Amino acid sequence: MDKSFILNKTSPRSSARRGQLLTAHGQVETPVFCPVGSQATVKTLTPEDLKSVNVNMILSNTYHLYLRPGIPVVKEMGGLHKFMNWDGVILTDSGGYQIFSLANLRKLDEGGVSFRSHIDGSTRYITPEDAVSFQQDLGSDIAMVLDECPHSEASENEVLAAMERTHQWAKRCLAAHTLKSQHLFAIVQGGLSPVLRQQSAEYLASLDFPGYALGGLSLGEPKDITFETVRHTLRFLPENKPRYLMGVGAPEDLLEGVSCGVDIFDCVLPTRVARNGAFFSRLGRLNIRNASFATQKGPVDPECNCYTCRNYSAAYLHHLFRCEEILAYRLATIHNIAFLSNLMQEVRTSIEKDCFEEFKGDFLTRYQPTNESVRIEQKQKWLSARSGETSS
C-alpha cells in the first residue's frame, strides 16, 4: 500500500490529531490504543472479546513468535491473522526491545544481534534483514525495523552509538522490505538528548518511511521528561505520517501523548495490572483485592458498561481474585481494555468537536494517577525482572 495515513484534523489549541490509519486489513481511527498480544493472543481474551469492546488493532511480537512456535509454523498456517483467527489489523514489533531487555543474554555488532533464548538457552543471531523477513512471513499489516534501545543509564556515547546503529539498520530494513501490503515503520532513538532525538527524527524522515515510532522512552524516567522528549521529537517528523509512541498505556499518559500529537499507542500495562487485580476507573486504579469491595453489590466501576461491569458485582470479582480463579483475570482484562477503548473513542470525538483540551482537563481533574515515585520504582523492578525473561 502506498498511503498509510489520512490526517483529518489537528486541534487548534494543542497538537492533538484526528485521522485514519490505512492498512490491508481495514481502516483504524486514530488516536488509537493497541492491546498487546505478544504471543499471538491478548492474554485471557478471544478475538470476539476484543471486537466486542471495539478493538480492531493489536500488537504481536516477532521475538516471541520466532522462538515459539517459530516463524515457519505461523507461515505454514497461513500467516498470523489466520493462525490466531484475527481479521483486524496487526502491528508486529521487530523484537528489538525484547532483545534489549535480555541484558546480559545478548551481544550486538554492526551486522545484527546475538542472544540466548530465555526459553531453552540456545544462541540465536538476527540481522535487520531477518527481522523484516520474519515480519513479512507473519503477514502483519505494520512491521517495525530492528533497532537498538539503549538502557536507561547508558552514557552519552552509548546512546549515540545505539542511535547510529539504529539508523544503519533502518536503511537495511527498508532495502530488504518488499511486501507491498505491509507498512514498515522506522523507530526514532536518541535517549533523552534533544540534540540526538532531532538528529534521529530528521535522518529517518529523510528515508521516507510510511510511519515513525518513538522508542526508548517510558523506561523509568520521570513522565515530564518523557513527554518533553516526545513533544520535541515530533517537531521533526512529517505531519502526514502516523506517529507511534511505544510502550505507553496509562490513561493519563494516553491523554498527554495525544496532546503532543501521537496517533498510536501500545502497552502491556492494562492487561498486566488487570491480572494483578487493578481496574481502571474515572477516579484512578481500583484494587479489587481491597476489603472494601468484599460486600459491594454493584459493579466495580458504576460508570462502565463493559461485559464485566454489566454482569458481575465487585464482591464477586473480589472473591475470584482472592481465590485466584482464572475467570478473575479474564473479567478484569475485558474491563481494562474496554475502559481504554472507550477513552480513546471519547478522545477522538473531542478532537472532532474542538474540545479535546476541556475533555482532558475534566478527566484529569477526577483521575488519580499512580504515585510517580512508586511508579518509577515499580517500572525499574519490572525492567530488572525482564532481564532474564520477556513475558508480557
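Including glycine, each Cβ sits where the backbone N, Cα and C put it.
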Requested in this report: From ASP130, ASP137, ASP147, ASP253, grab the residue that Swiss-Prot records in the same substrate site as ASP93, SER94, GLY95, GLY96, TYR97, GLN189, GLY216.
Outcome: ASP147
Query - Per Swiss-Prot record, range annotated region 'RNA binding' [choices 66-70, 271-275, 321-325] - result: 271-275
Query - Of HIS232, HIS319, HIS335, residue recorded by Swiss-Prot at the Zn(2+) site of CYS304, CYS306, CYS309 - result: HIS335
Query - 37-43, 44-50, 247-253, 352-358 - the one Swiss-Prot records as region 'RNA binding' - result: 247-253
Requested in this report: Enumerate same-chain residues with a sequence separation of six or more from ASP147 (substrate binding site) and a Cβ-Cβ distance below 8 A; give 'none' if the list is empty.
Outcome: SER94, GLY96, THR166, TRP169, ALA170, ILE187, GLN189, GLY215
Query raised in the report: Same-chain Cβ contacts of the region 'RNA binding' (271-275) under 8 Å, 6 or more residues past its ends?
Result: 35-36, 42-44, 285, 329, 332-333, 335-337, 392
Report summary line: Nearest to ASP266 (active site, nucleophile) by C-alpha distance, among the binding-site residues ASP93, GLY95, GLY216, is ASP93
Query raised in the report: If you average pLDDT over the region 'RNA binding' (247-253), what do you get?
Result: 98
Report summary line: Same-chain shell around substrate excluding ASP93, SER94, GLY95, GLY96, TYR97, ASP147, GLN189, GLY216, C-beta within 8 angstroms of the CB centroid, reads ILE99, PHE100, MET144, VAL145, LEU146, GLU148, CYS149, ILE187, GLY215, MET246
Report task. Out of CYS304, CYS306, CYS309, HIS335, point to the one nearest GLY216 (substrate binding site) in space (Cα versus Cα); all of them are binding-site residues in the record. Result -> HIS335
